[in-house]
Every structure is written in structure tokens, then in C-alpha cells.
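Here's what TrEMBL has on this protein:
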- 7-32: transmembrane segment (TRANSMEM)
- 38-57: transmembrane segment (TRANSMEM)
- 69-92: transmembrane segment (TRANSMEM)
- 168-186: transmembrane segment (TRANSMEM)
- 238-255: transmembrane segment (TRANSMEM)
- 261-278: transmembrane segment (TRANSMEM)
- 299-320: transmembrane segment (TRANSMEM)
- 326-345: transmembrane segment (TRANSMEM)
Amino acid sequence: IHFQYNGFLLGILLISISCMYQNQYLMSAIWFSTLLNLKHIFLYIAPAYIVYLFYSFCIKQSPNGKRFIINLVTLGIATLVPFVLSFGPFILMNQLPQVLSRLFPFKRGLCHAYWAPNIWAVYNVLDKALAIIGRYSQLFPVRSVSVSMTSGLVQDIEHQVLPSITPTMTFILTFIFMIPSLIRLFRYCSKRTFLETVILCALTSFLFGWHVHEKAILISIIPLSLLAFDSREHARYFLLLSSFGGFSLFPLIFTGPEIPIKIGLFIAYTTFLFYILGEVHGDRGSTFTLPLLNRFETLSVVLLVPLCLYVECLHTVLHIDRILSFLPLLLISIYCSIFIIYCWIRLHRIEAHLEDELTAIESTVKFSGRWNKKQKNKSD
């Protein structure tokens with residue numbers, strides 16, 4: 001069974017976010033820096049921390065240039081201390097290159113053995129479909145590859161029709177899609193905007209990153225839960241992201257005795273989420289809809305039931321596993337990726353709508369200020 005200390009790490013992330021909410025910026029930076037040294041996957045959300053800490057601690061709390069420099073140096077020291085303690089011994093033993101080569105294994109390929117439900121899963125399936133069409137129709141060339149992307153092996157792969165993706169390309173795409181959120185965070189620097197940016201940075205990295213692990217979806221789901229009780233829209237997409245993100249982790253627990261346990265826990269947890277958030281936001285659903293969801297979203301969640309039935313039972317009973325062993329993983333990855341991408345788009349729209357509201361408020365305040373000044377001048 002695939003196992004890592006994800007709960008422990010996510011707990012430290014929540015401590016860091018809690019410190020940020022209490023304006024304990026240095027403690028938040030220390031906790032997050034410690035978290036990065038425990039698991040470098042949290043680099044996904046580092047841009048949100050950098051922008052928010054730089055603005056809130058270095059700019060906002062600096063009345064003059066001298067204070068700005070002091071705050072910047074203090075923040076830098078607080079951030080670097082965990083790195084020095086962590087990497088110092090390896091530097092002294094001249095082993096830093098060995099450590100870095102293991103932290104960033106770019107030769108392991110675009111996708112993991114089990115494709116994480118992200119944009120590259122869709123890209124892989126599209127390439128596979130085009131390769132089949134190309135072989136039969138001869139409309140376009142199909143490149144031969146030494147290793148199939150559905151072999152379940154952890155290694156670099158090449159696409160047969162579409163351009164092969166490189167680590168640099170994934171980095172550029174990830175950064176480009178992060179930019180709007182980071183700009184909004186710098187422009188409207190608030191605790192809520194910070195948390196929204198953390199969620200979107202994590203989700204963007206999950207969707208466009210190189211060799212993404214399926215567990216990385218938790219880095220966006222857990223922080224989103226903090227907004228689910230305050231905002232109806234965030235609750236809606238938290239429910240969807242929890243449903244599809246949680247279901248996408250099923251292949252990590254694949255042995256027979258654990259199947260009823262994982263399904264039972266998933267059903268109990270998901271039912272509880274829908275019930276409690278429906279009560280909080282005053283929407284208990286209807287005959288054809290789950291709480292907070294529309295009919296399309298409800299249908300997408302309900303269809304997880306037949307998908308689970310096929311993956312966990314029918315695929316083996318019908319002996320399809322003998323010829324298409326990768327099919328269950330592919331179906332889970334593709335189906336969940338579609339709705340995780342849907343949640344990502346909708347969360348961006350929520351943030352953009354909030355930006356429009358804040359811009360309107362800013363304009364109103366500025367106009368009011370100019371009007372009051374004009375009236376005062378007239379009276380004088």
C-alpha cells in the first residue's frame with residue numbers, strides 16, 4: 001500500500017496558514033520553510049507565500065526604506081535557518097548534488113506510473129487516440145516509441161503524434177497560469193486572497209506540473225476546506241474537488257482486503273461533507289440534485305458509483321484485465337481530471353469576480369473622496 005506522512009505534513013501547512021491569519025509572519029515563514037525541507041512538493045505554493053509575506057511584512061509594515069531593509073533581512077534569515085540546518089551537513093560532506101538529483105528527478109518522465117488526474121492525462125489520451133487514428137487512416141505520421149505510456153513504468157516517455165513535453169515547458173505553463181492569481185494577491189493583499197492564491201497555486205501546479213504525484217491534490221483540497229464554511233461557492237467546489245480528488249486516490253490502496261474499507265470510508269466522509277455543508281449554507285438539495293450542486297455536477301458525482309463498480313469488480317470478473325490492465329487507472333485518471341480542471345476554472349472565475357467587486361469598491365471610494373473634496377472646496 002502506498003503510504004507517506006501526508007497528514008503530518010498537511011498539519012504543518014495548516015499551522016503555517018494559522019500563523020499567517022494571526023499576523024505572525026515570521027512564525028508562518030519558519031513553519032513553511034520547515035515544511036519545504038520535510039517535503040519539497042510544497043514548492044507548489046511557495047509563490048503565494050513569497051508575494052504575501054513580501055507585501056504584508058516587508059512593504060506594509062515598513063514606514064521607511066530602512067525599516068523595509070530590516071524586515072526583508074529578518075524574513076530572509078527566518079526562511080533560511082531551516083534550510084541551513086537541513087542542507088548544512090550535506091554541503092559539508094560535498095553531497096549536495098546527490099541530494100538535489102533525488103529531489104528533482106526530471107528523468108522519471110512527465111507522468112507517474114499511475115497518471116495523476118491532470119491536464120497531462122488528457123494530453124496522453126489524446127495522443128494515444130490520434131496515434132490509433134493515424135495508423136489506420138495514414139493521414140499523419142505516427143512516431144514509434146520504445147516504451148508505451150500505459151506500461152505502468154516510471155520513466156521518461158515520448159508522445160507519438162503530439163509534441164513531447166519537457167520539464168521546462170511544464171514549468172513555463174505552470175508559472176503563466178499562476179500569474180493572474182499572484183497579481184491579484186499583490187494588488188488586493190488580504191488573508192482571504194492569500195488563502196485563495198495558495199489553493200490556486202497548488203491546483204495549477206497539480207494540473208500542469210512535471211511528474212506530479214496523485215497525492216498532491218490534497219495540497220489544494222485541505223486549504224479549500226477552510227473557506228468552505230464561509231462561502232457557498234467555495235463550499236460547492238470543495239465538495240466537487242473532495243469527491244473527485246478523493247476518488248482519484250483509490251488506486252493507491254489496491255489490495256483486496258482494503259477495498260471495502262476505502263469505499264466505506266469514502267462514502268461516509270463524502271456523505272458527511274454534503275450533509276454538514278448543506279446545513280451550513282441552507283441547501284439540502286432536491287430529488288435530482290445533491291446539496292449545493294446543480295444537476296450536471298450531481299450527475300458527475302453519481303457516475304462515480306458505476307465507475308467504482310467497474311474498476312473494483314467488473315474489470316476483473318469480465319477478464320478484461322488480461323488484455324487491458326491499465327484501463328482502470330486510465331478511466332479514473334481521465335474522468336477525475338475532467339472535473340478537477342472544471343473546479344480549477346470555476347475557482348479562477350470566483351477570484352476574478354471578487355477582483356471586479358474590489359475594483360468597483362475602490363472606484364467608488366476614490367470617487368466619493370474626490371466628490372467630498374470638491375464639495376468642501378465649494379463651501380470654502
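Glycine residues also receive a Cβ, built from the backbone N, Cα and C atoms like all the rest.
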(request) State the non-local partners of the transmembrane segment (261-278) in its own chain: residues 6+ outside its ends, Cβ under 8 Å from one of its Cβ atoms. (result) 228-229, 235, 238-239, 242-243, 246-247, 250, 253, 284-285, 290-292, 308, 312
(message) Under 8 Å between C-beta atoms and at least six residues away from its ends: which parts of the chain pack against the transmembrane segment (326-345)?
(response) 114-119, 121-122, 125, 150-152, 200, 203-204, 206-207, 217, 237, 240-241, 244-245, 247-248, 250-251, 300, 303-304, 307, 310-311, 315, 320
